[in-house]
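Listed features, source TrEMBL:
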TRANSMEM  17-37  transmembrane segment
TRANSMEM  57-79  transmembrane segment
TRANSMEM  100-123  transmembrane segment
TRANSMEM  129-150  transmembrane segment
TRANSMEM  255-273  transmembrane segment
TRANSMEM  285-304  transmembrane segment
TRANSMEM  355-384  transmembrane segment
């Protein structure tokens, strides 16, 4: 039951029991993937080859490396930004300001890593440290989430998240009590959302590529494709960093274990799964098939970027010539809903592009193992769940206008399928 002071928002993720299960299941799944990726059979659904002991998981050097990485990205976050953007209006009618310098952080990180490698930094040794690094990141996420929970105890009511104040300690710890926890101008949720995890993901991919080059003389074509596709995805996210300010994570969700673990541990160590698989299970790939896979990724990216750009342009300026002719539905809130262009095809065309790209990332790994397709399966479940949450919030927000929009745009993600 919600406390009298808590939010009356309906409990999500199965309530406290579901939150407790996810706090156990997500780290266990991450370590399972890390273990089976390097095993001979590489069975997604089979048991791991062995259970690592604490001596294999715990490393003070891994923890130091993890904290150093977070410190580096925090320092880059604090550098002068090319732009400062305002977020959505909050309960107290204020708007927070955010530095838009994520792509700058990516470029500076690439420069520092390049200088380090040229000076003898053994980046190719990083894959051997993935288990202790993942353990350190998980430990960091738990401690960080506890500090966020304690900080939220003294936060004003206007700063609390809609769903993370049920009065149940486990559920609120998981979902996050404070919407935008900050110290001065440093926004913890916004910082973690794209910086350390996404940039860490491409760094791990690069380390896996370099180790494959050491083992086999040169990186495989499959490894190049996976690195290139995922670097494009991360670069796009950071180039269009301002768009994250309109996402559910920033607007609606509190900052608790769900996002902290997801950003700091889950993303870099599970999203790099295809590259991990290829290091231990090389796959032959010819240029004709590689070209076809590139075409699939290009189609997915075209849909993903086109849909997101159209939405962002419309939100900024509905009179912009690029979107002025699109058909819309008026709502009681004064907002208008797009019912033509990309957003007249399905309700979430960006999710469709995301899933097509996810398929392209997995195909270089062949079709004889399910493991590299874990990301596609997981991301499908994630986006369907996220789409369902978004549907419920939009129905509550727009009422009859949303019913009309759903009538005009009946398919949610995949045309004529779902």
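The backbone N, Cα and C atoms fix where each Cβ goes, and this holds for glycine too.
Automatic, uncurated: that is what TrEMBL annotation is.
Residues 13, 19, 22-23, 26-27, 29-30, 33-34, 37, 70, 130, 133-134, 137-138, 140-142, 144-145, 148-149, 161, 164, 172-181, 188-189, 192-193, 196-198, 200-201, 203-205, 208, 230, 249, 371-372, 374-375, 378 of the same chain, all 6+ positions outside the transmembrane segment (255-273), place their C-beta atoms under 8 angstroms from a C-beta of that stretch. Residues 33, 36-37, 42-45, 221-223, 225-226, 229-230, 233, 270-271, 273-274, 277-278, 281, 283, 285, 290, 293-294, 296-297, 299-301, 303-304, 348, 413-414, 418 of the same chain lie 6+ residues outside the transmembrane segment (355-384) yet bring a C-beta within less than 8 angstroms of a C-beta in it. Note on the transmembrane segment (100-123): residues 72-73, 76-77, 79-85, 194-195, 199, 202-203, 206-207, 210, 234-235, 237-239, 241-242 of its chain, located 6 or more positions outside it, place their CB under 8 angstroms from a CB of the stretch.
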